Amino acid sequence: MTELSFIIMFVLLLIWSLCFYIHGMFASVALDAAKERFHEWEVKLEYSALALGIVGYICLALLFFPVTRGSSILRFIGLTSEGSIKYHIWLGHIAMTLFTAHGLGYIIFWGKTHQILEIFKWNKIGVSNVAGAVSLLAGLILWAATLPSIRRKAFELFFYTHYLYIVFVIFFVFHVGFSNSCIVLPGFYLFMIDRYLRFLQSQQKVRLVSARVLPCETVELNFAKNIGLCYAPTSTIFINVPSISKLQWHPFTISSCSDTDSDTLSIVIKSSGTWSNTLYQKLSSSIPISHLDVSVEGPYGPASTFYSRHELLVLVSGGSGITPFISIIRSLIFKANTEGSKTPRVLLVCAFKKSIDLTTIDLILPVSATCTAFDISRLQLQIEAYVTREKQPDMNDKKLIQTLWFKPNALDEPVSAVLGQNSWLYLSIIISSSFMLFLLLIAILTRYYIYPIDHNTDMIYPYFSRSSLSMLFICISIAFVATSAFLWNKKQNKDLGQIKNIYTSNSSTSPGSGYYNADRELGSLPLQSLVQTAKVHYGERPNIKKILSGCNGSSIGVLVSGPRKMRHEVASLCTSCSTDDLHFESLSFSW
């Protein structure tokens with residue numbers, strides 16, 4: 001309801017702004033039409049197109065805030081990087097609608113007044129029409145690639161086309177001039193800082209300790225992480241495997257818990273596309289690889305979660321939707337083993353297509369040795385598993401999980417936060433320092449170079465040169481300050497050497513102890529206690545209504561993660577319940 005209220009207020013703001021600008025411009029339509037020898041409706045068309053472009057500034061000013069993944073601003077207002085994407089999408093659609101109407105309005109105006117060549121005009125001073133045309137064309141191509149049919153069937157086309165935002169922004173600045181584009185500077189400035197920091201983080205190769213290969217064409221990757229790195233359950237991380245693709249980055253929900261897995265970070269990847277299938281084939285090969293280069297961005301996630309506030313927690317998952325629940329359950333295991341901590345009873349309802357997929361349940365138990373310090377029996381966990389496409393278990397399926405241990409590389413680093421534990425402090429220093437440096441450079445440029453030429457008339461020095469130098473100084477300021485902060489934080493990271501020593505020691509202990517054996521090992525683990533204790537239903541789908549009606553508790557929390565149809569079904573059932581003691585939340589997941 002709050003979100004709907006803000007949407008309505010924002011739309012009303014746009015409508016009011018458009019009416020305000022049009023009303024002010026139309027006041028002098030008769031005089032301007034007589035002066036230019038145009039019809040009044042032609043001048044009104046021109047002014048309406050101009051007003052649409054100015055109102056588009058409002059959307060463009062907010063467009064980049066939701067995609068600053070690592071920014072503390074999102075966490076401050078309670079948003080996650082994934083949860084805020086929808087606002088970026090909505091703002092993008094509105095902005096492109098306004099800018100398209102702005103461009104079409106001017107094209108019609110120029111056509112009716114026999115000035116069509118104005119579209120190719122690049123003014124030395126003032127608005128450059130051809131720059132606006134290039135910006136709009138780049139935006140239209142980008143916008144077309146966001147259509148659901150293209151995004152789902154040709155994701156790479158959508159992904160690479162999105163980089164046209166660089167052309168869009170640069171030529172937008174050339175079109176209106178740097179001074180007029182400053183209204184969109186705050187959001188884009190934060191985005192540039194965030195994007196550059198993510199670039200610095202992505203240049204590091206991270207230490208891949210082990211991988212668990214499941215027979216259901218699923219793998220779990222376990223990375224070494226800095227002990228000081230903390231993240232909330234359901235956080236996500238982006239990974240890149242150069243040996244598969246140097247350009248492709250894929251988001252995955254983190255399945256580990258920073259409390260129970262103090263020195264490792266895990267993700268689960270289901271083979272469902274070309275990239276993930278290639279990775280699975282690499283790891284499940286009869287001649288397994290001894291090392292795999294991986295780069296990461298993140299993690300990104302909510303600042304905190306409140307899953308333990310309920311008396312009963314019902315987790316409903318479909319297929320790979322179990323992934324975010326693994327991190328939640330591990331977090332609750334930690335709380336259950338902490339003195340004085342009260343944890344809810346947990347009912348995990350998971351649906352799979354085949355019995356071989358049941359092995360995913362075993363990923364709830366971490367592969368690292370640190371998990372042995374926590375007793376899972378202290379958490380009241382009940383698992384109801386449903387196999388929808390088989391009437392009985394496949395007896396020919398051995399259901400073995402293979403564990404691969406990789407050789408260390410001296411250049412590999414543990415996963416760590418790009419700006420350390422006090423990222424908000426470092427980020428504020430980067431923003432303020434880089435902007436002060438930018439203002440200093442602009443002041444020097446204006447006083448000792450532009451002013452002697454222009455003499456403060458703003459009518460001699462070309463807008464193109466001024467805009468180009470301003471954008472260059474922004475990039476220089478951000479690169480210098482952000483790089484310095486990144487390197488300083490890396491130098492001050494006292495735990496880095498400790499983590500690397502743990503995983504590069506020539507220990508002869510077994511991989512199961514959490515240490516690396518000098519000779520690479522490949523182990524096969526049979527189906528273990530969690531699946532054996534689960535109640536498995538074959539040939540049927542979970543009856544969510546019956547399950548919820550049988551739940552007893554003064555406070556019940558329902559989390560659902562899975563296919564869209566399942567999320568909608570559970571959401572409608574929870575909404576129809578008359579009790580105020582049931583709280584519902586739908587989780588997004590990446591695998």
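Just so it is clear, glycine is given a Cβ too, placed from its N, Cα and C backbone atoms.
Going by TrEMBL, these are the annotated features:
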DOMAIN    201-306  domain 'FAD-binding FR-type'
TRANSMEM  6-26  transmembrane segment
TRANSMEM  47-67  transmembrane segment
TRANSMEM  87-109  transmembrane segment
TRANSMEM  130-150  transmembrane segment
TRANSMEM  162-191  transmembrane segment
TRANSMEM  424-450  transmembrane segment
TRANSMEM  470-488  transmembrane segment
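Across the residues of the domain 'FAD-binding FR-type' (201-306), the predicted structure has a mean pLDDT of 86.
At the 8 Å Cβ cutoff, the transmembrane segment (162-191) and the transmembrane segment (47-67) share at least 3 close pairs (sequence separation 6 or more) and count as touching.
Note on the transmembrane segment (130-150): residues 89, 92-93, 96, 99-100, 103, 119-122, 157-158, 161-162, 164-165, 167-172, 174-176 of its chain, located 6 or more positions outside it, place their CB under 8 angstroms from a CB of the stretch. Sequence-distant contacts of the transmembrane segment (47-67) (same chain, at least 6 residues past either end, Cβ-Cβ under 8 Å): 13-14, 17-18, 21-22, 25-26, 29, 73-74, 79, 81, 84-88, 91-92, 94-95, 98-99, 101-106, 109, 172, 183-184, 186-188, 190-191. When Cβ-Cβ distances below 8 Å are used as the criterion, the transmembrane segment (424-450) is approached by residues 70-72, 189-190, 193, 197, 461, 466, 469-470, 473-474, 476-478, 480-482, 485, 489 of the same chain, each at least six residues removed from its ends.
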